[in-house]
Amino acid sequence: MLDIKRIRNDFDQIAEKLARRGVDEKTLHDLKELDFKRRQLLIKSEEAKAERNTASAAIAQAKRNQEDASEQIADMQKLSAEIKALDAQLVEIDGQLKTFTTTLPNIPADDVPLGADEDENVEMRRWGKPRQFDFDIKAHWDLGEDLDILDWERGSKVTGSRFLFYKGLGARLERAIYNFMLDEHAKEGYTEVIPPYMVNHDSMFGTGQYPKFKEDTFELADNDYVLIPTAEVPLTNYYRGEIIDGKELPIYFTAMSPSFRSEAGSAGRDTRGLIRLHQFHKVEMVKFAKPEDSYNELEKMTANAENILQKLELPYRVITLCTGDMGFSAAKTYDLEVWIPAQNTYREISSCSNTEDFQARRAQIRYRDEVDGKVKLLHTLNGSGLAVGRTVAAILENYQNADGSVTIPEVLRPYIGGVQVISPQS
């Protein structure tokens, strides 16, 4: 959520930056006018309340003097009616202001590239070289079916499209991957957390999913619970409404959880395979940091995600998202894209973002500065470390062999009982 004071005091710069994200300047002018109207009404309300207090004192004095106070009483009743009307207008305007400020995206950082969509993202670097195959390669969904480790047909029967069963060494591979990821993040100082897989609406508001992206979620009927779209939601809301001792910052959390997404607007996209599912596992990283440290923490978080891909020896690239492709809450985002041979392209496997104080303001997560003792909004960061299903897809395709088998990356073998190869026979 944006700071209305910042918009008020630095209107032109904020309008220019939000225009890069597709926000019409008229929207901000309407917001500014509404804010001005609110402040004028507030002044009138406070003045009327002061007059009412004066009238009340005059009535009390008149009664003590046994004098007629009917005129003062009439004045006070008139003032009370005026105050009631002013306060009703303030409540209405506050609601309109909240709608404005909670639906505006975050302000992009100064170094975020200007662009309309993903075609204008900027590649930063690449790691590893895509493998050259001397045989006809298979897509991961065909490999999974041929090896009898992934079953989409029965997933569709039991639930519906975009669901599947992992089985046998497929299930063990998935488990090996996320255990490896969690162990690697723990080495970097992250505290492992097992969060709730359902959260309330306040939590969804805190991280920016609600109200704007409500259609992308799965809500439970007849209660306030929502299935989490990412562990970012419960992890970030862990400190919602709290004041943290500044000496404790930065704080690192990591968690593996299922993620549930309706994929509204994705009809026809990635209908086969593990790239786009309604339910998938993801290892998440979340950080709470002081404002002056947050961009250094973003670089470190991105490096933590890269570390996983490097140890798995999966080729990838890092891109900086442009203004038109960033998520709603982000001020700056790096995407990691892993090489998927059957598609002959890189696909997103991690997204690491600094939201600055955008989520912290919505969730009221603050810290007490140990130097000046003041309570301030902190910065929150989040990143995938990594999407587990997409990692399975990348391993199956990059490590496939001519005989239809798949070699297990060396770093995962201790997590899967020493198994080196998944073959049709195994």
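Using the three backbone atoms N, Cα and C, a Cβ is placed for every residue, glycine included.
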Based on Swiss-Prot, name the residue from E174, E284, E292 that is recorded for the same L-serine site as T230, A231, E232, S384.
E284
What does the structure give for the C-alpha distance between R261 (ATP binding site) and T230 (L-serine binding site)? Integer Å is fine.
9
Hey, for the L-serine site built from T230, A231, E232, E284, S384, who else sits with CB inside 8 A of the CB center?
V233, L235, A255, S257, S259, K282, V283, M285, V286, N382, G383
Under 8 Å between C-beta atoms and at least six apart in sequence, can you list the same-chain neighbours of S262 (ATP binding site), or say none if there are none?
E215, D216, T217, F218, H278
Cα separation, S384 (L-serine binding site) to E348 (ATP binding site) (Å, whole number):
10
List the residues of the same chain that sit at least 6 positions away from T230 (L-serine binding site) in sequence and have their Cβ under 8 Å from its Cβ, in sequence order, or write 'none'.
S257, S259, K282, E284, N382
Maximal Cα-Cα distance (Å) across residues annotated as binding ATP, namely R261, S262, E263, E348, I349, S350, S351:
19
Out of S350, S351, S384, which of the binding-site residues has the smallest number of neighbouring Cβ atoms within 10 Å?
S351
